[in-house]
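Peer 1: The compositional bias 'Polar residues' feature in TrEMBL is assigned to 1-12. As annotated by TrEMBL, region 'Disordered' applies to 1-23. Feature annotation from TrEMBL assigns domain 'Major facilitator superfamily (MFS) profile' to 42-496. Look at TrEMBL and you will find 126-144, 156-179, 214-232, 244-263, 322-342, 354-376, 385-409, 415-436, 471-491 tagged as transmembrane segment.
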Amino acid sequence: MTDSTPFLSQSEELSDESKQPSSLDETIEQCIGHFGPAQLLQAILVSLAWAFDGQQTFVSVFTDAQPTWHCTPSDGGRTSSCNSSSSFSDLCQLPGDDPSWAWDKPIYTSIISEWGLQCASSLIRGLPASSFFFGCLLGGLVLATLADSSLGRKNLLVLSCAVMSASGILIVFSNNIWIYSALKLFNGVGRSTIGTCSLVLCTELVGKRWRGQVGVLGFIFFALGFLSLPLIAYINRDSSWRTIYFYTSVPTIFYTILVHFYVRESPRWLFVRGRKEEAVSILKSISPAGLTLSFSNLVVEKESWNIDTYSALKILLSKKWACQRLCVIMVVIFGTGMVYYGMPLGLGNLSFNLYFSVAFNAISELPASLATFFLVDRVNRKDSVLVLCVLSGGCSILCVLVETVSTVLQVGLELVSYFSACTALNIMLIFTLELFPTSVRNSALSTARQAPVLGGTFSPVLVAAARSNGFISYGIFGLAIGVCGLFVLLLPETKGKPISDTMDEEEHRQI
């Protein structure tokens, strides 16, 4: 297919043919290297998906919370079989219908009290959250490559948001923990590729100068979505736990419609897929006005392998350099994921107000995003991640050691550990984008994101078990991120370097 479509470039016309960019990456840099209003609007629309992702990821902190209880006086003004100073384990020795004790809030404010799970095993109580993370793991493996093959970034983002919102609404009608857990699994499947598609699409709509900064937008929206949870939960603190799911799922439906009609597909992906006219049209719509750059002489280097649904994953595993990078990335991100997903779930075990604890953790994500914004432009990726992982691991272990010393100090150390893990994870996601070419980038990032999800799958069980031994959660979290973070030294540095569009191009750059 021939194409002589004139294209808009930067403010001066490139009349000298020798100045025309020769590669796809150079051509796109000429077109969108300077950040314009249209790109900003697209970046905001795409990154907004992270807010709904954040809500669904941590909503179980409130809906599955361990409610507080109290002893009720007997008719004679004395407590009967209940002792007001009893620990929660003593509650399990009392019959569920014993009138000598009662929940502090209405029974329907948590799944624990509504379904009588207060004395169930840690596996049962952690099942819904673990099912959610297992769904994320399953969805990441099944859906991830669709963004690189048939659907593209935008369409997979729309599909993922639709599945997540629909399953969230269906959760409202759950009447036992088994149905609830099954729907949480589907909720996780839908959520699994939202962050990946959003981050990849967002960064492929801008030049390399703005990749890191635009990528941070998603992290900021995720933090805002997380921060909205304690507010929604507090407003509905005496209402059913189902209300929280309703208020966090319905807005996602409207957002899905907005993405379908107003968000643009990645021009890089369209070029690699051979859809040149669509790519040029999109570049025209998002680039600053005032240029005439032609694509007629541009030869797009195509892959030497056919792209189908799972070929992207196959090629990642068959190429030694790609497989090594992916394995190292997954080890590092697994450690950060243990802290990132596990610590918020374990806040109920601290002797501190749950609403404030979650709010502080959510607020700490905002400076983590700002720290990411600062670090990606000034410090090497490897150095940043290494220091942050060691810091997070040390503070997490200290949380256990100071448990009997000071609650305020314990919460402070928890916040530093969580902040460091958030920043490290943010930088690792941007790092991963830059380590793989366009043709497999979404598959590589989505596969890498399954590592923290795998860590998150174990976290709810560890948190439930940690009610009797604090080291089982925060101690293990600290050891995991500290040790796994050391593996980042095995990766090549990417700061300030151009990104490739095909596997062959990336291999040529390594020669």
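Going from the start of the chain as shown, residues are counted 1 onward.
Any Cβ shown, glycine's included, is placed from N, Cα and C.
Since we're looking at a predicted model, the values are computed, not measured.
What's the neighbourhood like for these features in this structure?
Peer 2: With a cut-off of 8 Å between Cβ atoms, the residues of this chain six or more beyond the transmembrane segment (126-144) that come close are 56-57, 60, 64, 111, 156, 159-160, 177, 180-182, 184-193, 196, 313, 341, 345, 442-443, 446-447, 449-450, 453-454, 456-461, 463-464.
The list of residues near the transmembrane segment (156-179) in space but at least 6 beyond its ends in sequence, with Cβ under 8 angstroms from a Cβ of it, reads 46, 49, 52-53, 56, 111, 115, 117, 124, 127-128, 139, 143, 146-147, 186-187, 189-194, 197-198, 201, 242, 245-246, 248-250, 252-253, 255-256, 259-260, 263, 442.
Away from its own ends, the transmembrane segment (214-232) comes close to residues 43-44, 46-55, 57-59, 61-62, 195, 198-199, 202-203, 205-206, 244, 247-248, 344, 355-356, 358-359, 361-363, 365-366, 368-370, 372-373, 376, 422, 426, 429-430, 433 of its chain (Cβ-Cβ under 8 Å, at least six residues beyond either end).
Residues 57, 133, 315-316, 385, 389, 392-393, 396, 417-418, 421-422, 424-425, 428, 431-432, 435-436, 440, 444, 447-456, 458-459, 462-463, 473, 476-478, 480-485, 487-488, 490-492, 503 of the same chain lie 6 or more positions beyond the ends of the transmembrane segment (322-342) yet place their CB under 8 Å from a CB of it.
Outside the transmembrane segment (354-376), and at least 6 residues removed from its termini, the chain residues within Cβ reach (under 8 Å) are 58, 61-62, 65, 212-213, 215-216, 219-220, 222-224, 226-227, 229-231, 233-234, 343-344, 347-348, 384, 411, 414-415, 418-419, 422-423, 426-427, 430, 495.
Outside the transmembrane segment (471-491), and at least 6 residues removed from its termini, the chain residues within Cβ reach (under 8 Å) are 324-325, 328-329, 331-332, 334-336, 338-339, 342-343, 346, 349, 381-382, 385-386, 388-390, 392-400, 414, 417, 421, 424, 428, 431, 435, 455, 459, 462-463, 465.
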